[in-house]
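Step one of this worksheet: look at the structure below.
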Amino acid sequence: QMTCRISGEVFTWCGTTCPLTCENFRNPPKHCPQGCFVGCMCRRGLVRHRNGRCVRPPRCYY
């Protein structure tokens, strides 16, 4: 099992190519390239902050 270094991340063998971020979680991308992202992604319910961490959406504004 692969591990991720950043708190709130989980390793995936086939994650979305359009992960949610603080910039797009209110209006998620509608058209993502097909395929799988292999690597560490934020766990469900968390989004990627511009500082690289995984946060709950209300924390995007801090």
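Counting begins at 1 with the first residue displayed.
Backbone N, Cα and C atoms are what each Cβ position is placed from, and that goes for glycine too.
Per Swiss-Prot, disulfide bond is recorded for CYS4-CYS40 (among others), and the stated evidence type is similarity to another entry. Other Cβ atoms within 10 Å of the Cβ of CYS4 (disulfide bond) number 16 in total over all chains.
Residue environment of CYS36 (disulfide bond) contains 11 other Cβ atoms, counted within 10 Å of its Cβ in all protein chains. What Swiss-Prot lists as disulfide bond is CYS14-CYS36 (among others).
Around the Cβ of CYS18 (disulfide bond), the same chain contributes ASN24, PRO28, PRO29, CYS32, PRO33, each under 8 angstroms and 6 or more positions distant in sequence. If you look up Swiss-Prot, you'll see CYS18-CYS32 (among others) marked as disulfide bond, on the strength of similarity to another entry.
Annotation comment: Swiss-Prot describes CYS22-CYS60 (among others) as disulfide bond. CYS60 (disulfide bond) falls within a helix when secondary structure is assigned with DSSP.
Marked as disulfide bond by Swiss-Prot on the basis of similarity to another entry: CYS42-CYS54 (among others). When secondary structure is read from DSSP and collapsed to three states, CYS42 (disulfide bond) falls in the strand class.
Taken from Swiss-Prot, the feature domain 'TIL' applies to 4-60, supported by sequence analysis.
Across the structure, CYS22 (disulfide bond) and CYS42 (disulfide bond) are spaced 12 Å apart at their Cα atoms.
Compared over the disulfide-bonded residues CYS14, CYS22, CYS32, CYS54, the count of CB atoms lying within 10 A of a residue's CB peaks at CYS54.
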